[in-house]
């Protein structure tokens, strides 16, 4: 007889985890889920195991709104090793080519400039994108290369930090879907020497405050502290969470009176004053502005429900 499935807490919010190096994003997610004893958890765009930095982890009902963070821009600090190209475009891969580093400062500046603004990027074979239902890195591990279409991305800002010997350090502010490993690999080819990532840190995601990032070590320390004080760990852990609607913070807010919100929560579009003419909106209810879901302005100017918060009984 199988054991009944253990249900976690109905905790809703977003934890800004500072992911450690050498850990997969999914492993980090599972550790946070266990620490919080959450019933559901999901991240908002994986970081490579080599990378560190901000990994927003959505808990509970916040997982419904994680898609809006996938569309947000990101900020990275990267250090490239020049003169070596690897099969994964980072230090976790095998060196496949070595070439001398002979470019000038002027050539470097010109090459960097080609990566600023709107560009097309062909994703690495070592990525989680899918081809015919299978992830690209699964093909790559079998030594198979499949066709990939170039995808439009935007590099809002690319700052040169330093070039010392065989190391090049940059800061890159970019749109969703940007592969920093691919930028470095492509840059190495433009410079004629090859390059791969040896250090990568995600500094920011969307408008989340960097100072709210926490490490796994800090979470574990809080759990131990709660045990010593004989209090529930949630009392120390839950205040670290950002609001569940924070992934959609770029969208305008529409507040519904309680007389209208009951219809909205039952799946019906409602009319209200002060709504924008079109697009997605965050919907709140009542004087306290409680978040109840995402809506979209329909052709008749009504706020139609798109994703609703489910309230579980205590």
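Each residue, glycine too, has its Cβ placed from N, Cα and C.
For the substrate site that Swiss-Prot gives as 43, 179, 200, the extra residue drawn from 68, 76, 251 is 76. Across the annotated binding residues for substrate (43, 76, 179, 200), the two most widely spaced Cα atoms sit 18 Å apart. Rounded to a whole value, the Cα-Cα separation of residue 179 (substrate binding site) and residue 48 (active site, nucleophile) is 10 Å.
Residue 48 (active site, nucleophile) and residue 76 (substrate binding site) are 13 Å apart (CA-CA, integer value). Counting only same-chain residues six or more apart in sequence, the Cβ atoms lying under 8 angstroms from the Cβ of residue 48 (active site, nucleophile) belong to 90, 92, 181, 200. Residue 179 (substrate binding site) carries neither a helix nor a strand DSSP state and counts as coil.
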